[in-house]
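Marked as substrate binding site by TrEMBL: Leu17, Glu22. Feature annotation from TrEMBL assigns ATP binding site to Arg107, Leu108, Gly109, Arg110, Gly111, Lys112, Gly113, Tyr114, Tyr115.
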Amino acid sequence: VIDHPKYQESKRIAIFLSMPDEVQTEEIIKDIFKQGKECFIPRYKPQSNHMDMLKLSSAEDMSSLALTSWNILQPSDDDTAREEALAGGGLDLIFMPGLGFDKKGNRLGRGKGYYDTYLERCMKHPRGKPYTIALAFREQICESVPVTENDVPIDEILYEDC
């Protein structure tokens, strides 16, 4: 991931904070700060498909985040001081989680449509849609995954030995 050309050229990067069954992202987050890039993480709104990408000030800033009912760290609802990526300069790159992926760029998420809805919002930003990379385990690569007209294909899937 860290040697990937898109990662190297990106300045504003959104990345998920891993659940235990996902590719772990903590070392990538540390590298984002080490390289002087800007890091944005998701804040999901329960009972909706709305998600914002809020700026982390440092890798240590993760320890100040609240744990949700889904056991995910994220900025609390009353945390209004953080920059939202689309309210500022947009994003260059989004690292995306998922349950399954196919080689056509289709992604099976957890069913709420958070990332697809967010990518639709990105397309309306002056910077346009950021490059999207899914981080996966080889076992998550399928022949095909179910898609709907609202699903936004991802640009690239990175997994071991891909």
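Placed from the backbone N, Cα and C atoms, the Cβ positions cover glycine too.
Curation plays no part in TrEMBL annotations; they are all automatic predictions.
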Nonlocal neighbours by CB distance (under 8 Å) for Tyr115 (ATP binding site), same chain, sequence gap 6 or more: Met51, Ile94, Met96, Arg107, Gly109, Val152
Neighbourhood of Glu22 (substrate binding site), C-beta criterion under 8 angstroms, separation at least six: Phe16, Pro97, Leu135
Alpha-carbon distance [Leu17 (substrate binding site); Gly111 (ATP binding site)] in Å: 18
Gly111 (ATP binding site): tally of other CB atoms within 10 A of its CB: 8
Neighbour count (Cβ, 10 Å) for Gly109 (ATP binding site): 17
All-chain count of other Cβ atoms within 10 Å of Gly113 (ATP binding site): 18
Inter-residue Cα distance where the pair is Gly113 (ATP binding site) and Leu17 (substrate binding site), in Å: 17
Largest tally of Cβ atoms lying within 10 Å of a Cβ, found at which of the binding-site residues Leu17, Arg107: Arg107
Cβ-based neighbourhood (8 Å from the centroid) of the ATP site, residues Arg107, Leu108, Gly109, Arg110, Gly111, Lys112, Gly113, Tyr114, Tyr115 excluded: Gly98, Asp116
